[in-house]
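> TrEMBL lists these features:
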- 39-74: domain 'EF-hand' (DOMAIN)
- ASP52, ASP54, SER56, PHE58, GLU63: Ca(2+) 1 binding site (BINDING)
- 78-109: domain 'EF-hand' (DOMAIN)
- ASP91, ASP93, ASP95, GLU102: Ca(2+) 2 binding site (BINDING)
Amino acid sequence: MAFAGILSDADVAAALQACQAADSFNYKSFFAKVGLSAKSADDIKKAFYVIDQDKSGFIEEEELKLFLQTFSASARALTDAETKAFLKAGDADGDGMIGVDEFAALVKA
């Protein structure tokens, strides 16, 4: 598991279960359920680099769409509406991407 040592398998499973229906994803409740919002800044950065699939230093819209699949390969993709809302919430500087500091702020929001 990519988040081994950061998140518990049980928390990940519960968080994914809570948002398996289309348009039910809420980043605040997901980060709380998965346990990420209670983690240290270092663990949040580690999680960011797992989600940043292309290792660009940013989470782009396509990576956000597949966000849940970074937690479990069998998870669904986010809908376009969920992806755009997630990006809008996290993209503080308006560059169309979420950087590590923006991600940390989003997790702690």
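Numbers here mean position along the shown chain, with the first residue as 1.
Keep in mind that glycine also has a Cβ here, set from the backbone N, Cα and C atoms.
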> Fill in the CA-CA distance, PHE58 (Ca(2+) 1 binding site) to ASP91 (Ca(2+) 2 binding site), as an integer in Å.
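Roughly 10 Å, rounded to the nearest whole number.
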> Suppose the Ca(2+) 2 site is ASP91, ASP93, ASP95, GLU102. Which further residues of the same chain have a Cβ inside 8 angstroms of that site's Cβ centroid?
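Close Cβ neighbours, site residues excluded: GLY90, ALA92, GLY94, GLY96, MET97, ILE98, GLY99.
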> Residues near the Ca(2+) 1 site, ASP52, ASP54, SER56, PHE58, GLU63 excluded, by Cβ within 8 Å of the Cβ center?
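What remains near the Cβ centre is ILE51, GLN53, LYS55, GLY57, ILE59, GLU60, MET97.
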> Six or more residues out from either end of the domain 'EF-hand' (39-74), which same-chain residues have a Cβ under 8 Å from its Cβ atoms?
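Residues packing against the domain 'EF-hand' (39-74) from afar: 2-3, 6-7, 12-13, 15-16, 19, 25, 80, 83-84, 86-87, 90, 96-100, 103-104, 107-108.
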> Using DSSP, what is the helix/strand/coil residue split across the domain 'EF-hand' (78-109)?
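Looking at the domain 'EF-hand' (78-109) with DSSP, the answer is 20 helix, 2 strand, 10 coil.
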> ASP91 (Ca(2+) 2 binding site) has how many other Cβ neighbours within 10 Å of its own Cβ?
19
